[in-house]
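A short worksheet on the structure shown next.
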Amino acid sequence: QGRILEKTGLCSQITFGRYVRQGRKLGEDPKLFIQDLQFNKVPVRVYQPKATSDGRRRGIIFFHGGGWVFGSLDTYEKVCRYLSRESESVVVSVQYRLAPEHKYPAAYEDCLNATLHLMRNLEHYGVDPARVIVCGDSAGGNLAAAVSQTLAGRSDLPKLRAQILIYPGLQALDFNLPSYHQNRGVPLLFRERAAFFALQYLNGHALHMHEVLEGSHIPPDMRLKYRKWVSPDNIPEEFKVRGVKPLMPTDFIAEVYETVKRFCEPNLCPLLAEDAVVHQLPESFILTCEYDVLRDDGLLYKKRLEDNGVRVTWYHLEDGFHGIISLYDYCGFSFPSGKRGLDSVVNFLKSL
(Lines of atoms letter the chains of each structure in order from A and count residues from 1; the text may use other names and numbers.)
(Lines give C-alpha, C1' and ligand atoms only; values in the text may rest on other atoms or scores of the structure.)
Protein backbone atom coordinates (compact mmCIF):
# COMPACT_ATOMS: atom_id res chain seq x y z
CA GLN A 1 0.00 0.00 0.00
CA GLY A 2 2.71 2.47 1.01
CA ARG A 3 4.66 1.66 -2.15
CA ILE A 4 1.63 2.31 -4.38
CA LEU A 5 1.10 5.69 -2.74
CA GLU A 6 4.78 6.51 -3.10
CA LYS A 7 4.75 5.66 -6.81
CA THR A 8 1.71 7.88 -7.35
CA GLY A 9 3.58 10.64 -5.54
CA LEU A 10 0.95 11.02 -2.80
CA CYS A 11 3.27 10.41 0.08
CA SER A 12 6.35 8.49 1.01
CA GLN A 13 6.22 4.96 2.41
CA ILE A 14 7.42 6.28 5.72
CA THR A 15 4.72 8.97 6.00
CA PHE A 16 2.10 6.37 5.14
CA GLY A 17 3.54 3.92 7.68
CA ARG A 18 3.42 6.57 10.39
CA TYR A 19 -0.18 7.38 9.57
CA VAL A 20 -1.22 3.72 9.79
CA ARG A 21 0.57 3.24 13.11
CA GLN A 22 -0.39 6.47 14.80
CA GLY A 23 -2.72 4.94 17.39
CA ARG A 24 -5.90 6.49 18.68
CA LYS A 25 -6.34 9.02 21.44
CA LEU A 26 -7.73 7.21 24.47
CA GLY A 27 -9.99 8.68 27.15
CA GLU A 28 -9.17 9.15 30.81
CA ASP A 29 -7.88 6.18 32.77
CA PRO A 30 -9.70 5.70 36.10
CA LYS A 31 -6.54 4.34 37.73
CA LEU A 32 -3.85 6.66 36.35
CA PHE A 33 -2.81 10.29 36.25
CA ILE A 34 -1.40 10.90 32.76
CA GLN A 35 0.37 14.07 31.69
CA ASP A 36 2.43 15.24 28.73
CA LEU A 37 5.63 17.03 29.75
CA GLN A 38 9.11 17.81 28.48
CA PHE A 39 12.25 16.34 30.03
CA ASN A 40 15.34 18.23 28.84
CA LYS A 41 13.27 19.48 25.86
CA VAL A 42 12.27 15.89 24.96
CA PRO A 43 8.49 15.27 24.91
CA VAL A 44 7.44 12.56 27.39
CA ARG A 45 4.20 11.17 28.74
CA VAL A 46 4.15 10.35 32.45
CA TYR A 47 1.79 7.71 33.87
CA GLN A 48 1.31 7.69 37.65
CA PRO A 49 -1.00 5.33 39.57
CA LYS A 50 -3.73 7.22 41.47
CA ALA A 51 -3.80 4.76 44.35
CA THR A 52 -1.89 5.85 47.43
CA SER A 53 1.41 4.13 47.92
CA ASP A 54 3.28 3.27 51.13
CA GLY A 55 6.53 4.54 49.72
CA ARG A 56 8.12 5.61 46.51
CA ARG A 57 7.28 3.62 43.42
CA ARG A 58 9.30 1.90 40.76
CA GLY A 59 10.12 4.17 37.81
CA ILE A 60 10.12 2.76 34.28
CA ILE A 61 11.55 4.76 31.38
CA PHE A 62 9.99 3.37 28.22
CA PHE A 63 11.37 3.74 24.69
CA HIS A 64 8.94 2.64 21.98
CA GLY A 65 9.75 0.47 18.97
CA GLY A 66 9.20 1.19 15.28
CA GLY A 67 12.59 0.85 13.61
CA TRP A 68 13.67 4.34 14.81
CA VAL A 69 11.37 5.54 12.00
CA PHE A 70 7.82 4.91 13.28
CA GLY A 71 6.03 5.01 16.60
CA SER A 72 4.80 7.66 18.99
CA LEU A 73 3.47 8.16 22.51
CA ASP A 74 -0.02 7.39 21.20
CA THR A 75 1.03 4.15 19.46
CA TYR A 76 2.23 2.75 22.80
CA GLU A 77 -0.45 4.30 25.00
CA LYS A 78 -2.16 0.99 25.83
CA VAL A 79 1.12 -0.80 26.53
CA CYS A 80 2.33 1.96 28.87
CA ARG A 81 -0.99 2.17 30.69
CA TYR A 82 -0.94 -1.59 31.16
CA LEU A 83 2.62 -1.57 32.54
CA SER A 84 1.87 1.31 34.90
CA ARG A 85 -1.42 -0.14 36.20
CA GLU A 86 -0.38 -3.77 36.50
CA SER A 87 3.04 -3.19 38.10
CA GLU A 88 1.90 -0.07 40.04
CA SER A 89 4.87 1.86 38.68
CA VAL A 90 5.48 5.35 37.36
CA VAL A 91 6.06 5.03 33.61
CA VAL A 92 7.74 7.72 31.52
CA SER A 93 7.24 7.14 27.79
CA VAL A 94 9.75 9.03 25.63
CA GLN A 95 8.98 10.64 22.26
CA TYR A 96 12.48 10.64 20.77
CA ARG A 97 13.16 12.18 17.37
CA LEU A 98 12.65 9.81 14.44
CA ALA A 99 14.74 8.94 11.39
CA PRO A 100 15.24 9.63 8.53
CA GLU A 101 14.66 13.31 9.40
CA HIS A 102 16.79 12.93 12.52
CA LYS A 103 19.71 10.58 12.11
CA TYR A 104 21.75 8.74 14.73
CA PRO A 105 22.57 9.75 17.42
CA ALA A 106 19.42 11.93 17.76
CA ALA A 107 17.14 9.16 19.10
CA TYR A 108 19.83 7.88 21.47
CA GLU A 109 20.59 11.39 22.76
CA ASP A 110 16.89 12.12 23.38
CA CYS A 111 16.46 8.88 25.31
CA LEU A 112 19.60 9.54 27.35
CA ASN A 113 18.63 13.16 28.10
CA ALA A 114 15.10 12.23 29.17
CA THR A 115 16.53 9.49 31.42
CA LEU A 116 19.05 11.88 32.98
CA HIS A 117 16.28 14.39 33.70
CA LEU A 118 14.20 11.74 35.47
CA MET A 119 17.24 10.51 37.43
CA ARG A 120 17.85 14.03 38.73
CA ASN A 121 14.19 14.65 39.63
CA LEU A 122 13.04 11.32 41.02
CA GLU A 123 11.47 12.69 44.19
CA HIS A 124 9.26 15.00 42.12
CA TYR A 125 7.56 11.96 40.57
CA GLY A 126 7.59 9.81 43.70
CA VAL A 127 10.11 7.38 42.20
CA ASP A 128 12.40 5.24 44.35
CA PRO A 129 16.05 5.96 43.36
CA ALA A 130 16.90 2.29 43.95
CA ARG A 131 14.25 1.08 41.46
CA VAL A 132 14.66 2.88 38.14
CA ILE A 133 14.33 0.61 35.10
CA VAL A 134 14.91 1.28 31.39
CA CYS A 135 12.64 -0.63 29.06
CA GLY A 136 11.99 -0.80 25.32
CA ASP A 137 10.85 -3.02 22.49
CA SER A 138 12.62 -3.54 19.16
CA ALA A 139 14.37 -0.24 18.28
CA GLY A 140 13.35 0.89 21.78
CA GLY A 141 15.17 -2.14 23.18
CA ASN A 142 18.23 -1.01 21.25
CA LEU A 143 17.92 2.46 22.80
CA ALA A 144 17.37 1.04 26.31
CA ALA A 145 20.49 -1.13 25.97
CA ALA A 146 22.55 1.86 24.75
CA VAL A 147 21.33 4.15 27.56
CA SER A 148 21.97 1.42 30.12
CA GLN A 149 25.56 1.01 28.88
CA THR A 150 26.13 4.77 28.98
CA LEU A 151 24.93 5.02 32.57
CA ALA A 152 26.77 1.90 33.76
CA GLY A 153 29.91 3.74 34.82
CA ARG A 154 28.28 6.90 36.25
CA SER A 155 28.88 7.50 39.94
CA ASP A 156 26.98 10.81 40.11
CA LEU A 157 23.55 9.21 39.56
CA PRO A 158 21.52 6.39 41.07
CA LYS A 159 22.38 3.06 39.45
CA LEU A 160 19.73 1.59 37.18
CA ARG A 161 17.95 -1.29 38.89
CA ALA A 162 17.32 -3.22 35.67
CA GLN A 163 17.02 -3.13 31.90
CA ILE A 164 14.12 -4.75 30.05
CA LEU A 165 14.85 -5.53 26.40
CA ILE A 166 11.89 -6.79 24.38
CA TYR A 167 13.05 -8.41 21.10
CA PRO A 168 15.80 -5.79 20.77
CA GLY A 169 17.88 -5.11 17.64
CA LEU A 170 21.45 -4.92 18.90
CA GLN A 171 23.81 -5.19 15.94
CA ALA A 172 24.10 -4.43 12.22
CA LEU A 173 27.25 -6.40 11.43
CA ASP A 174 25.59 -9.65 10.43
CA PHE A 175 22.16 -9.91 8.81
CA ASN A 176 22.84 -13.59 8.11
CA LEU A 177 22.55 -15.07 11.59
CA PRO A 178 20.27 -18.14 11.72
CA SER A 179 17.16 -16.17 12.75
CA TYR A 180 17.60 -13.80 9.79
CA HIS A 181 17.40 -16.73 7.40
CA GLN A 182 14.73 -18.72 9.19
CA ASN A 183 12.39 -15.74 9.55
CA ARG A 184 13.39 -13.66 6.53
CA GLY A 185 9.79 -13.43 5.29
CA VAL A 186 7.92 -13.45 8.61
CA PRO A 187 5.84 -10.34 9.42
CA LEU A 188 6.03 -7.85 11.05
CA LEU A 189 9.74 -7.48 10.34
CA PHE A 190 11.25 -8.90 7.16
CA ARG A 191 15.02 -9.33 6.88
CA GLU A 192 15.28 -6.55 4.27
CA ARG A 193 13.31 -4.17 6.51
CA ALA A 194 15.69 -4.75 9.41
CA ALA A 195 18.61 -3.50 7.30
CA PHE A 196 16.44 -0.74 5.80
CA PHE A 197 15.56 0.63 9.26
CA ALA A 198 19.14 0.44 10.56
CA LEU A 199 20.36 2.40 7.51
CA GLN A 200 17.57 4.99 7.82
CA TYR A 201 18.60 5.56 11.45
CA LEU A 202 22.31 5.71 10.63
CA ASN A 203 22.32 7.69 7.38
CA GLY A 204 18.80 8.94 6.72
CA HIS A 205 18.61 6.78 3.58
CA ALA A 206 18.87 3.09 2.69
CA LEU A 207 21.50 3.15 -0.05
CA HIS A 208 23.78 0.09 0.02
CA MET A 209 21.06 -2.04 1.63
CA HIS A 210 21.96 -4.96 -0.63
CA GLU A 211 25.66 -4.82 0.32
CA VAL A 212 24.80 -4.60 4.01
CA LEU A 213 22.52 -7.65 3.75
CA GLU A 214 25.30 -9.54 1.94
CA GLY A 215 27.81 -8.58 4.61
CA SER A 216 30.27 -6.73 2.37
CA HIS A 217 30.10 -3.58 4.56
CA ILE A 218 32.45 -4.79 7.31
CA PRO A 219 36.24 -5.23 6.87
CA PRO A 220 37.48 -8.83 7.38
CA ASP A 221 39.71 -7.85 10.33
CA MET A 222 36.77 -6.27 12.16
CA ARG A 223 34.53 -9.20 11.38
CA LEU A 224 37.20 -11.38 12.97
CA LYS A 225 37.51 -9.07 15.98
CA TYR A 226 33.76 -9.16 16.70
CA ARG A 227 33.37 -12.86 15.92
CA LYS A 228 33.71 -13.67 19.61
CA TRP A 229 30.40 -11.85 20.18
CA VAL A 230 28.53 -11.90 16.86
CA SER A 231 28.59 -15.42 15.50
CA PRO A 232 26.21 -18.33 14.90
CA ASP A 233 28.62 -20.38 17.07
CA ASN A 234 27.25 -18.55 20.14
CA ILE A 235 23.65 -19.50 19.40
CA PRO A 236 22.38 -22.67 21.10
CA GLU A 237 21.89 -25.60 18.71
CA GLU A 238 18.16 -25.92 19.42
CA PHE A 239 17.62 -22.63 17.57
CA LYS A 240 19.19 -24.00 14.41
CA VAL A 241 16.80 -26.90 13.86
CA ARG A 242 14.72 -24.94 11.35
CA GLY A 243 17.68 -24.93 8.98
CA VAL A 244 20.62 -22.58 8.65
CA LYS A 245 22.44 -21.64 5.48
CA PRO A 246 26.18 -21.19 5.97
CA LEU A 247 27.12 -17.71 4.81
CA MET A 248 29.22 -17.49 1.71
CA PRO A 249 31.85 -14.84 2.36
CA THR A 250 31.35 -11.80 0.14
CA ASP A 251 34.00 -9.37 -0.98
CA PHE A 252 34.51 -6.40 1.31
CA ILE A 253 33.63 -3.05 -0.32
CA ALA A 254 35.60 -0.23 1.28
CA GLU A 255 33.41 2.63 0.04
CA VAL A 256 30.32 1.01 1.56
CA TYR A 257 32.13 0.64 4.89
CA GLU A 258 32.95 4.36 4.77
CA THR A 259 29.22 5.16 4.79
CA VAL A 260 28.31 2.70 7.57
CA LYS A 261 31.37 2.50 9.81
CA ARG A 262 29.44 3.95 12.77
CA PHE A 263 27.65 0.58 12.93
CA CYS A 264 30.66 -0.37 15.05
CA GLU A 265 29.74 2.17 17.76
CA PRO A 266 28.12 0.53 20.82
CA ASN A 267 25.63 3.41 21.17
CA LEU A 268 24.24 2.22 17.84
CA CYS A 269 25.02 -1.50 18.17
CA PRO A 270 25.16 -2.33 21.91
CA LEU A 271 26.20 -5.94 21.28
CA LEU A 272 29.66 -4.57 20.41
CA ALA A 273 30.35 -2.93 23.80
CA GLU A 274 33.54 -3.98 25.56
CA ASP A 275 33.37 -6.51 28.42
CA ALA A 276 34.40 -3.82 30.90
CA VAL A 277 31.08 -2.05 30.16
CA VAL A 278 28.88 -5.15 29.89
CA HIS A 279 30.26 -6.32 33.23
CA GLN A 280 28.76 -3.26 34.97
CA LEU A 281 25.25 -3.59 33.55
CA PRO A 282 22.23 -4.01 35.82
CA GLU A 283 20.06 -7.10 36.16
CA SER A 284 18.43 -7.76 32.79
CA PHE A 285 15.24 -9.14 31.33
CA ILE A 286 15.32 -10.22 27.68
CA LEU A 287 12.27 -11.32 25.73
CA THR A 288 12.77 -13.11 22.41
CA CYS A 289 10.32 -14.51 19.86
CA GLU A 290 10.93 -17.64 17.81
CA TYR A 291 9.52 -16.15 14.60
CA ASP A 292 11.62 -12.99 14.60
CA VAL A 293 14.69 -12.00 12.56
CA LEU A 294 16.01 -10.26 15.71
CA ARG A 295 15.74 -13.37 17.88
CA ASP A 296 19.48 -14.07 17.68
CA ASP A 297 20.45 -10.50 18.63
CA GLY A 298 18.66 -11.13 21.94
CA LEU A 299 20.22 -14.59 22.37
CA LEU A 300 23.73 -13.27 21.69
CA TYR A 301 23.31 -10.42 24.19
CA LYS A 302 21.92 -12.82 26.79
CA LYS A 303 25.11 -14.87 26.45
CA ARG A 304 27.33 -11.77 26.71
CA LEU A 305 25.55 -10.60 29.85
CA GLU A 306 25.74 -14.03 31.48
CA ASP A 307 29.41 -14.42 30.51
CA ASN A 308 30.02 -11.14 32.34
CA GLY A 309 28.21 -12.18 35.50
CA VAL A 310 25.04 -10.17 34.91
CA ARG A 311 21.83 -11.80 36.11
CA VAL A 312 19.47 -12.41 33.19
CA THR A 313 15.81 -13.41 33.18
CA TRP A 314 14.99 -14.73 29.72
CA TYR A 315 11.51 -15.23 28.36
CA HIS A 316 11.09 -16.88 24.96
CA LEU A 317 7.77 -16.82 23.12
CA GLU A 318 7.81 -20.07 21.12
CA ASP A 319 4.81 -18.88 19.12
CA GLY A 320 5.73 -15.18 19.13
CA PHE A 321 6.64 -12.93 16.20
CA HIS A 322 8.33 -9.54 16.05
CA GLY A 323 6.17 -6.64 17.24
CA ILE A 324 3.65 -8.80 19.08
CA ILE A 325 3.75 -6.70 22.28
CA SER A 326 2.87 -3.49 20.43
CA LEU A 327 -0.26 -5.26 19.11
CA TYR A 328 -1.59 -5.68 22.65
CA ASP A 329 -5.28 -4.66 22.41
CA TYR A 330 -4.54 -2.87 19.11
CA CYS A 331 -7.69 -1.93 17.14
CA GLY A 332 -9.45 -4.91 18.69
CA PHE A 333 -6.63 -7.38 17.90
CA SER A 334 -5.05 -9.33 20.66
CA PHE A 335 -2.68 -12.27 20.57
CA PRO A 336 -2.57 -14.53 23.62
CA SER A 337 1.22 -14.85 23.34
CA GLY A 338 1.54 -11.03 23.24
CA LYS A 339 -0.40 -10.82 26.50
CA ARG A 340 1.82 -13.58 27.98
CA GLY A 341 4.89 -11.60 26.92
CA LEU A 342 3.58 -8.41 28.49
CA ASP A 343 2.66 -10.24 31.68
CA SER A 344 6.14 -11.77 31.87
CA VAL A 345 7.48 -8.19 31.86
CA VAL A 346 5.02 -7.19 34.62
CA ASN A 347 6.01 -10.21 36.72
CA PHE A 348 9.68 -9.33 36.35
CA LEU A 349 8.95 -5.72 37.40
CA LYS A 350 7.07 -6.89 40.49
CA SER A 351 10.12 -8.92 41.52
CA LEU A 352 12.31 -5.78 41.67
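The chain as shown is numbered from 1 upward.
Each Cβ is built from the backbone N, Cα and C atoms, and glycine gets one as well.
Predicted automatically and left uncurated, TrEMBL annotations should be read as such.
These features come from TrEMBL:
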ACT_SITE  Ser138  active site
ACT_SITE  Asp292  active site
ACT_SITE  His322  active site
DOMAIN    60-210  domain 'Alpha/beta hydrolase fold-3'
DOMAIN    252-325  domain 'Alpha/beta hydrolase fold-3'
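With DSSP states grouped into helix (H, G, I), strand (E, B) and coil, the domain 'Alpha/beta hydrolase fold-3' (252-325) comes out at 32 helix, 19 strand, 23 coil. Cβ neighbours of Ser138 (active site) (same chain, under 8 Å, six or more residues apart in sequence): Gly65, Gly66, Gly67, Ile166, Tyr167, Pro168, Gly169, Leu189, Leu294, His322, Gly323, Ser326. Contacts of Asp292 (active site) defined by a Cβ separation under 8 A and a same-chain sequence distance of 6+ are given as Tyr167, Ser179, Asn183, Val186, Leu189, Gly320, Phe321, His322, in order along the sequence.
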